[in-house]
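Participant: Have a look at the structure that comes next, please.
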């Protein structure tokens, strides 16, 4: 805190030293005043000199004098010079950062009235001083210098004041950003949050005790001490100054969670740069989401969740009352007298859907990339909120990939995400679960292709809870993860199968997405199929057979086979397959039992005893009577089907014979038609034969004479073509 030089010469030298938290100019403003007076919506200077300047900021009017402001504000100097209004000159400063409160403090400083600096008004006063151009060129130790010094040497050295100043910067954009107030406060908070908890001596809020502090989605707000004496607000059980309890690693969660989302992102980013563990970063994000989005992140059914609500899950009376950390009125008054602000900072008052969407998008963007930084339950609830609030598709896709990395940790309640599309085809978003399963399979395939790949945090000795990857046991862990996901998908299919609007194709595609090795038992899949058949009684025989193809009858347990054998909704072919597979299981079980008994008997007799393989009659006699009755009924149905098949074959043979007879008749009819057209052809053939014969005789006569005279070899006669056409 600072007190500058006054005419009385109390502070000498340069006129600057740590004082009692009071700011005043180093000389009188030329107008003697006892202070300011508020009359309705107007401020007046307590002096006999009439006002010649009227400044309007919003609904407030300031009746001032030109000279005190001209001597210390470059902007006021320029505006008054450019104004052509007669006295009193009227100026409108609606765009002044900090509003009437900041201008009131700046005006008092210009008149030499002591100004009380607190963590809640310093940022607005610093921005107002920059706006009014109250630089050192006009006066040494002007308002810019003194507010900047208070920020650097008082605020940034205090944990609580850094939080309060950053909170007060929410209404000062973009001035607070341009003046680096947000950046400096964020870095100060990050530096203190990354400190060793054993060395923390300052007060902090902490969180209410709960079984799981890191994964508490809607923790209640802490109770605050009376600030009458200390000026700090802290939980009684979390104040390290008052007791010797160890400081937990998450001591800073509650204090940081009061910040607006953009400032919270700045703080988390700064903490991440300084090397904070990703588990703590994820836990802080989870805590922030539970505080600002309790209706979207909390436990409960989708119908209980609302979009428009306050962010404070507790009542307004129990919420954190951020009225100031270092709030001391020291302008000639005893220490400990506090001026209560009329508008305390509370975390959230009826957040609009637009602001909720911005919060969700920001939280998605700052979640650490490591696999177990946040729980899968939190990711799925955040995904539910993202779909409800129509978050950007790119962010939803990124969030779906993150869920796919930890899909084996999900629960059925987390997957029951309502369908928020305008079509309203199904009650639950089955396509979303299909995409999550695809991302999981892609991730498992990637990890399986590089089994030697280790976690980048293994060398650092950081434990990874609920991790399924890393090390040489990667293949077995991946298989266990697939089996857990298979059970989860079967339970999800059983739940969504009751929806009458669920198409058969979607059910089948989701059921067949996992490889066969993921299911060691298909009881869950059979239960889902039975639920779908109950909810869709109008399915055709072909559709029911198509539905049952996703199930392997050989992977059903005894209880499931018993139920399936009596299930009238299943196709007959499936019932037969179930009975046959069960009969094979019984046969194998009896064979194994006989083999074990014979081996034991042989060892007891001391001889090699060859077991007798039971024949079909023995197996049937060992089968329970109820099962034999069902098997007899099934065999009767099989014989009926065989008889019908033979009848169809007989009809097919008869039709084939009739077709052959008709084909022969058709060929005969074709020959009669071709008789008249072949007469000319036969005549030409006869004529060609006669021509050949005459040609041969002539060649023989000529050839005989030539042989007798010249003794030359006989030339081969030229062949005539059969046709002259």
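Keep in mind that glycine also has a Cβ here, set from the backbone N, Cα and C atoms.
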Participant: Which of these ranges is annotated region 'Disordered' in TrEMBL: 375-409, 410-444, 445-479?
Facilitator: 445-479
Participant: Short question: which residues 6 or more past the ends of the coiled coil (638-665) have a Cβ under 8 Å from it?
Facilitator: 576
Participant: Summarise the domain 'BTB' (51-119) as counts of helix, strand and coil residues per DSSP.
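Facilitator: Going through the domain 'BTB' (51-119) residue by residue, I get 27 helix, 16 strand, 26 coil.
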